[in-house]
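Residues annotated as active site, N6-AMP-lysine intermediate in TrEMBL: Lys116. Summarising the annotation, TrEMBL assigns NAD(+) binding site to Asp34, Arg35, Glu36, Tyr37, Asp38, Ser83, Ile84, Glu114, Arg137, Glu173, Lys287, Lys311. Here TrEMBL flags Cys405, Cys408, Cys423, Cys428 as Zn(2+) binding site. According to TrEMBL, the domain 'BRCT' annotation covers 583-662.
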Amino acid sequence: MSKDDIKSKIETLRKEIEYHNHRYYVLDDPEISDREYDLLLRELEKLEIENPEFLDPNSPTQRVGAKPSKKFRPFHHDVPMLSIANAMNEEELEKWDERVRKALSVNEVEYCCELKFDGSSISLIYEDGQFISGGTRGDGEDGEDITPNLRTIKTIPLFLQKDLVGEVVIRGEVIMSKEAFEKLNKKSEEEGLKIFANPRNAAAGSLRQLNPRITASRRLEFFAYSIVSGAEAKTQSEQLEKLKKLGFVVSPHWEKVQGIEEAKKFLKKWEEKRNELPFEIDGAVIKVNKISDQEKMGYVSRSPRWAIAYKFTAEEQETIVEDIDIQVGRKGTLTPVAHLKPVRVAGSVVSRATLHNKEEVKRKDIRIGDHVLIHKAGDVIPEVIRSIKEKRKGDEKVFKMPTNCPVCGTDVVEDDSGIGVRCPNKKCFAQHREGIIHFVSRSAFDIEHIGPALIDQLLDNKLIEDAADLFTLKHGDLAGLERMANKSAQNVIDSLKEHKKITLARFIYALGITHVGEQTADDLSSHFETIDNLKNAKLDELENLFGLGEIVAKSIYDYFHDEKNIRFINKLLDVGIEIQKTKKSKKLEGKSFVVTGTLERFSREVVEEKIRELGGRAGSSVSANTSYLVVGENPGSKLEKAKKFGVKVIGEKEFLGMLGFE
């Protein structure tokens, strides 16, 4: 074949494969077998390898992922990606409908109702029908360019089904199905890696991988909901139909309704049926259907006046307490944990929930064998709300707190609060294990690929005695362990090497000193600047530090006057740990921040660390003393609290400007 013939053959194969991708992933109606599809793909791969001058990043063969990127480029939205205001109850929904009817001078409005996916919003740009680039929502004006990652998502067409000239901008949501989420977490757990709290976090984390091959392995899906430009329609419902014709998947259950009462029926139906869906939703979006009416109503602040997001109530599920056992923490605290009959709640299967302490168990009267109601506190942490006493049969067992540590057998003592008990044996294996888990955690040394399962194996096989020994591990030590292939072993070794440099604040926190959290560790870092200065601090100097108090000061002083602890610190320095000297800054001194929702550029932990570095305080709950609430995507109840206390609310872009980021 001539070069022209080869080029023509390649282009034909690409179009044919994209057509079958569309039939399989979008329409769920394949025309050919998997084997026939594989043969087409192999033929194309062979031609591209033999003729690299015809390789195209939009080729179906490139969906497995491009080379890893060092960082994401900015992605500017010519038309801002605005957030949609929330209605938390029917009263707020009715008031919104009243405002819409008044603005349009009508008695009843035609609405388009769509399910609200619990994922990550993105924008796609097509030029003459070909996918060019895509980015995250970010602050609405600027996001991150994640084009290589988006190319790996099978439900994002690389070529539109209809011939279009010029630029077309499509927006929608990237999600992870419940099935894909469970498989990902199961695989991560088996490998001893961090598991995701819910499908939304998993989708967001998968999208922002620097290595597109990881994104490609995560089975993400894209649902389109808007044509911003290039293929205009007269109504939102017409847009959804047009998106389907272009080759996109849209919400499978949208409805066009007349008036707010019909919209309420849509909401009621899907609030009751949401568990039947293969993906997570956290509500529904109601939009004025006519585009001309949308344009007439316009926008207020950062939200369209013509749309509202109705949030469903927190999901509660009934299950059974199969057992209650005891978990021993790194400071010896004994925590009762309920083992539950597995049940899906708010996006993930729950089989365990903390009962906090003996007083909490007594107050809620939780017994082994009880039917209980559970939910996720803050949509994240599984919590037992109450027992269902009317379902008791009489054979339920009253739980009693043990008088001995279940791990080492030492008699337990009351903790300082008087409501809990702890094991006083500092050599208790459980405390030692939890201390190592804390040491490698995200807010401490942040060592990836080392989780509880691997730590258990390392301790059981006597490969480590303490956390410092982690940094002496060799590839051969790990390669023979269960579920630890050569690549996994190398990932662990690489991660350990990468994290030998650490800030003083993180180092202090990693030591696990009683009563020393992240904020206290940062305060100590800012004041003393080096670990030697902190080791040599006098008790009265610690007591006079702002906010410490006698109990915390004594705990810190005692830690650094215990020879065993000093030997451990010296051992860390001997294996090559480099503690970076603290750079003092008072840029945010006197200001306190609370972060809510998902931030685009940095994780919450990184942001909170930066706040403390600059002299500010990073809190976890909003109060009248909070200076700023930083709001990311999908904010929680903290936003309402901030309004109640009159706390200033700022977006991610303004906040990063305060930190000194562009």
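Glycine is treated like the rest: Cβ placed from N, Cα and C.
From a predicted model like this one, the values you see are computed outputs, not experimental measurements.
Cα separation, Cys428 (Zn(2+) binding site) to Arg137 (NAD(+) binding site), rounded: 48 Å. The binding-site residues in question are Cys405, Cys408, Cys423, Cys428, and the one with the fewest Cβ neighbours inside 10 Å is Cys408.
Note: the Zn(2+) site is recorded as Cys405, Cys408, Cys423, Cys428; in the same chain, Val328, Gly332, Pro406, Val407, Gly409, Thr410, Val412, Pro424, Asn425, Phe429, Ala430, Gln431 also have Cβ atoms within 8 Å of that site's Cβ centroid.
Reduced to three states, the DSSP call for the residue listed as 'active site, N6-AMP-lysine intermediate' is strand.
When the Cα atoms are compared, Cys408 (Zn(2+) binding site) and Glu36 (NAD(+) binding site) turn out to be 61 Å apart. When the C-alpha distances from Lys287 (NAD(+) binding site) to the recorded positions Lys116, Cys405, Cys423 are tabulated, the minimum falls on Lys116. Reduced to three states, the DSSP call for Ile84 (NAD(+) binding site) is coil. A simple way to gauge crowding: the CB of Ile84 (NAD(+) binding site) has 18 other CB atoms within 10 angstroms, across all the protein chains here. Within its own chain, Glu36 (NAD(+) binding site) has no residue 6 or more apart in sequence whose C-beta sits under 8 angstroms from its own. Within the model, the domain 'BRCT' (583-662) carries an average pLDDT of 80.
For the domain 'BRCT' (583-662), the number of residues in each DSSP class (helix H, G, I; strand E, B; coil) is 26 helix, 18 strand, 36 coil. Here Arg137 (NAD(+) binding site) comes close to His77, Met81, Ser120, Ser121, Ile122, Ser123, Gly143, Glu600, Glu633: these same-chain residues lie at least six apart in sequence, with C-beta atoms under 8 angstroms from its C-beta. Between the C-alpha atoms of Cys423 (Zn(2+) binding site) and Lys116 (active site, N6-AMP-lysine intermediate), the distance comes to 47 Å. For Lys116 (active site, N6-AMP-lysine intermediate), the same-chain residues that are 6 or more apart in sequence and have a Cβ closer than 8 Å to its Cβ are Ile281, Asp282, Gly283, Ala284, Val285, Ala309, Tyr310.
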